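Enquirer: Pasting a structure here, questions to come.
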């Protein structure tokens, strides 16, 4: 690895598919990205059991655009000119309930998949988005900043395939990694309006998840792919350090333990949650967590033994690693697949989840009635979700309706 990249990475840190509206369905035939995948895997991608899929699998959306040659990143550029903070609601979009503060940022032609608050820069947020709902077309990394006047675009970067996840560096406030439908990971420096610093190509299918270890003494990244493997990376090295094999289905989510160095969890379409030991390069625990594809998992910030999973069966389940025979809690309320779940960084028993039912729900699993609030402000599938690390009242989400929402839910505006 060239010296400039190493120095950049070590930089000093700063002080249920509810099917799309028929109007979106193209008469032209466009194949899903991996037509060779079994229908069951394709169904899990959009979050509904196979029985609810249209005959023949995923119905394509939009005409397939022309694409750059394989491996050629699209040039970094400003986002389309009409990408501005949006004040007006889209037709059919619900108004914010009284007392709930909301900022909206539109991403025309780009459908949000994941977002994450910066661990260093207050008010900075990165969103991974895809053209044509991630089935075809390119991807865009959108970096946003908040200030007194609202939320605005700081910088955007283009990639020649859909982007599915994003994670910030724990060592440099300007660096982050995205993952893509072409099987690659991209390392970006947001301080420079250029293409990626590095591209890592080893996965043989889509990479759906990427996470940067919170152990700052180790620059480790884990990725999870449709090729059923997880890979360990040091961003300063041009190849993976280790490949973790064991899942028998698509890996949808990978997350590092915030407590145990060298330990991460993965959630898969094979209906299991697995906990891995990097040093031993093997799986430590296998939990048959759901009787459906698991699309997301997260680690509690206050309890090293507690994880949560969300699945196509519309349920959230909490797991104590000391005894995994039964979940320690189960949360029901979503009506379609749960796409993402996040524990609060400020409250030990609070978590949030987003779903293909267009909602974000807030829960306190320590209470007899755990559902605190349901937020309905999107008109398409809600895929990305994060809770601010420096503002205990702030949440962000993104959806296929081409919007990013930054807001304070009513349940967080009062003491819990």
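Quick reminder: no glycine exception, Cβ is built from N, Cα and C everywhere.
Okay, so TrEMBL annotates it like this:
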COMPBIAS  1-23  compositional bias 'Low complexity'
COMPBIAS  65-78  compositional bias 'Low complexity'
REGION    1-34  region 'Disordered'
REGION    65-96  region 'Disordered'
REPEAT    200-234  repeat 'WD'
REPEAT    244-286  repeat 'WD'
REPEAT    287-323  repeat 'WD'
REPEAT    331-373  repeat 'WD'
Enquirer: Which bits of the chain, at least 6 residues beyond where the repeat 'WD' (200-234) starts or stops, bring a Cβ under 8 A of a Cβ in it?
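Expert: For the repeat 'WD' (200-234), the nonlocal Cβ contacts are 9-10, 33-34, 37, 41, 71, 164-171, 176-187, 240-245, 247-256, 258, 261-262, 264, 266, 268, 276, 278.
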Enquirer: Can you count helix, strand and coil residues in the repeat 'WD' (331-373) using DSSP?
Expert: 0 helix, 22 strand, 21 coil
Enquirer: Which whole number is the mean pLDDT over the repeat 'WD' (287-323)?
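Expert: Reported value for the repeat 'WD' (287-323) is a mean pLDDT of 99.
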